[in-house]
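**Q** Mind having a look at this structure? Questions to follow.
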2 protein chains.
Amino acid sequence: MKNIDISSISEFGLIDIIKNRFAVSKDNKNIVAGIGDDSFCFKSGKNNICITKDMLVEDVHFKKDWTNPQEIGRKSIEVNVSDIAAMGNVKPEYAFIGLGLPPKTPEIFIKNLYKGFKKTCDKYKMAIAGGNTVKADKVIISVTIVGIGRGRGKVIKRNGAGIGDLIGVTNTFGNAGAGLALLYKYGTKHKYNKYEHFLISKQNNPKARLKEAQKISKHLTSLTDVSDGLYISVDLLAKDFGKGAEIYMDKIPVSSILKKVFRENKKQLDLALFGAEDYELIFTVPPSRAKFLKKLVPHISYIGKIDSSKKVKYFYDGKEQKIKYLGYKHF
Amino acid sequence: MKNIDISSISEFGLIDIIKNRFAVSKDNKNIVAGIGDDSFCFKSGKNNICITKDMLVEDVHFKKDWTNPQEIGRKSIEVNVSDIAAMGNVKPEYAFIGLGLPPKTPEIFIKNLYKGFKKTCDKYKMAIAGGNTVKADKVIISVTIVGIGRGRGKVIKRNGAGIGDLIGVTNTFGNAGAGLALLYKYGTKHKYNKYEHFLISKQNNPKARLKEAQKISKHLTSLTDVSDGLYISVDLLAKDFGKGAEIYMDKIPVSSILKKVFRENKKQLDLALFGAEDYELIFTVPPSRAKFLKKLVPHISYIGKIDSSKKVKYFYDGKEQKIKYLGYKHF
């Protein structure tokens, strides 16, 4: 057997391996959404129960120099709530926190980490229901969140987009990636201006779009959260299910602050498409509902539409553009 | 703020910190069992849903030299199923596997690890429902299992023991701790005899007592699984809830093979009381049901009884013994 280098397998590649090798038995009719969606959901009586699990590792997902322990705690919860939001009208109810800690971790670090967990769980009226702590070389945070479907609404999966549906997003893209780019380039000792600080704070303090998801979900045909950049997320709703899409790059919303810090239009779009961790939602909706949705959530923008081409085509100013993937691979 | 040394806080200490600081709101009437029990359980319609989460870290919970990847995979699932079994008549339904892997992990290691996960999940008719993979310095395995209460039976918690109840266990103690002691003493290159091999295999291949739990649970007043040695587990059912116990050390069941390898009676009892990872169940039951239970599960032994003394007293041959905690601390 050869020794392969895991660095060459992206997270998505590994999900495929798992999906193919250990696919959930198809005859379990209680399973509503399985491996490969944002959360796993199953029916229990009349309820849909959704479960998501994510692991953050020091120096891979965060650096202690670039953020503070309270932010790390908050972010660990928010990114999991984002996976719950990506299933639609679901209320996150219980959080489980598994911690790996180096033996000499300062007490103040743990206290502030927990403060971050606690405040964020309180914000979502979610109970910290359990967890465990083990010794490790680096800080590891493994969060599991259990959500319960609200009302009779169905869970919104990634696979439901219809031909002609519009592709919508809940807010701007690129801020979080821009913050990370600044930290990579200038480190923590640089004197940042207030706009740069804003972008860095977007990297360290993501917010799950739970309320938005709860408001709009019943109108949607597909839904996911954008954790790895817009470019990958469009593929997740279109190409992964044998559909195509047209994306109008001039319609991708970018914040005025991002434009102040990164003045070049191409750079702004690169950050929006390939910069990760904005945690906005991306969804598809029949055109007839599009205006109504924007009344419910005014920040929504429509950036393209689903077609049957099996390809995702990018347009700028009416002209098709060649886009090459520039994103971050997990390994 | 002082920098405390985490090494001085046992896992139980940290659970206390978490319990006190982040106690689940008492007015959530859906919560059936909370932090500090083996699993967290909540009501969803007519069902009890139980969730457990455990993290195994390389060189803390396993050493790659001392066991093989398939065993590591199996054990990660078994120890979580054991926490589900410790809630009584609950069926483990869905497993989520979070993996941290060093970038240069050999493919064969991952394949065999997954083989271990898969075979064990199949054995329990449990679906691998999701998970994620992240880069890490050492192998980290974070498993979450969701179980669903069977029938109308209630969940059996740690806190229900009545004065006069007998304390029972599902099988022998000390094998797993003995296996670990051998590995620590002689390493992997030693020529072990077949009895020593048996003990080492008990360390590397624990089995959750799920069937036993499902058979006997409705008769029990309290229940937990013995992951950290019998001594600690007796405290969990008695002292933690303001009760006491008498333990008759000559009644603690020890395997004939353990007796062959460790001939000294005191050493056998030390391994039974303080050796971890046997994953047998310990429970309390009213005396009137004790015989019937032994018909259901013939391996059951009764090792003591609950009293109101708030102390756990150990007896050997009718004489009280002074027992000092010799066990393993997680940090």
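Every residue, even glycine, has its Cβ placed from backbone N, Cα and C.
Automatic, uncurated: that is what TrEMBL annotation is.
The structure displayed is predicted, hence computed values, not measured ones.
Below are the features I grabbed from TrEMBL:
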- B:36-148: domain 'PurM-like N-terminal' (DOMAIN)
- B:D38, B:T52, B:D83: Mg(2+) 4 binding site (BINDING)
- B:D38, B:D83, B:D225: Mg(2+) 3 binding site (BINDING)
- B:D54, B:D83: Mg(2+) 2 binding site (BINDING)
- B:D54, B:N132: Mg(2+) 1 binding site (BINDING)
- B:H61, B:E277, B:Y328: substrate binding site (BINDING)
- B:Y114, B:G131, B:N132, B:R158, B:S227: ATP binding site (BINDING)
- B:163-315: domain 'PurM-like C-terminal' (DOMAIN)
- B:D228: Mg(2+) 5 binding site (BINDING)
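Could you place the listed features in the three-dimensional structure?
**A** The domain 'PurM-like N-terminal' (B:36-148) scores a mean pLDDT of 92 in the predicted structure.
The number of other CB atoms found within 10 A of the CB of B:T52 (Mg(2+) 4 binding site), across every protein chain shown, is 29.
Around the Cβ of B:D225 (Mg(2+) 3 binding site), 27 further Cβ atoms fall within 10 Å across all displayed protein chains. Reduced to three states, the DSSP call for B:D225 (Mg(2+) 3 binding site) is strand.
All chains included, 28 other C-beta atoms sit within 10 angstroms of the C-beta of B:D83 (Mg(2+) 4 binding site).
Mapped onto three states, the DSSP output places B:N132 (Mg(2+) 1 binding site) in strand. With a cut-off of 8 Å between CB atoms and residues at least 6 apart in sequence, the same chain places B:G98, B:L99 near B:N132 (Mg(2+) 1 binding site), listed in sequence order.
DSSP assigns B:H61 (substrate binding site) to coil in the three-state reduction, outside any helix or strand.
For B:G131 (ATP binding site), the Cβ neighbour count at a 10 Å cut-off comes to 24, with all displayed protein chains included.
When Cβ atoms from all protein chains are considered, those within 10 Å of B:D228 (Mg(2+) 5 binding site) total 21, not counting its own.
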**Q** Taking the centroid of the Cβ atoms of B:D38, B:D83, B:D225 as the Mg(2+) 3 site, which other residues of that chain lie with their Cβ within 8 Å of it, listed in sequence order?
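**A** These residues sit around the Mg(2+) 3 site: B:S39, B:T52, B:S82, B:I84, B:A85, B:A86, B:M87, B:T224, B:S227.
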**Q** If you measure C-alpha to C-alpha, which of B:D38, B:Y114, B:G131, B:E277 (binding-site residues) come within 10 angstroms of B:D228 (Mg(2+) 5 binding site)?
**A** B:E277
**Q** Short of 8 angstroms on C-beta distance to chain A, which of the listed binding-site residues (B:D54, B:D83, B:N132, B:R158, B:D228) are there?
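**A** Listed in sequence order, the binding-site residues near chain A are B:D54, B:N132.
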**Q** What is the one among the binding-site residues B:H61, B:R158 whose Cβ has the most other Cβ atoms less than or equal to 10 Å away?
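**A** By the 10 Å Cβ neighbour count, B:R158 comes out on top.
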**Q** How big is the Cα-to-Cα gap, in Å, between B:D225 (Mg(2+) 3 binding site) and B:D83 (Mg(2+) 4 binding site)?
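**A** About 7 Å separates the two Cα atoms.
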**Q** Let me check the 10 A CB neighbour count of B:S227 (ATP binding site). How many other CB atoms are there?
**A** 20
**Q** Could you state the whole-number distance in Å separating the C-alpha atoms of B:H61 (substrate binding site) and B:S227 (ATP binding site)?
**A** 12
**Q** Run through the domain 'PurM-like N-terminal' (B:36-148) and tell me, per DSSP, how many residues are helix, strand and coil.
**A** 34 helix, 48 strand, 31 coil
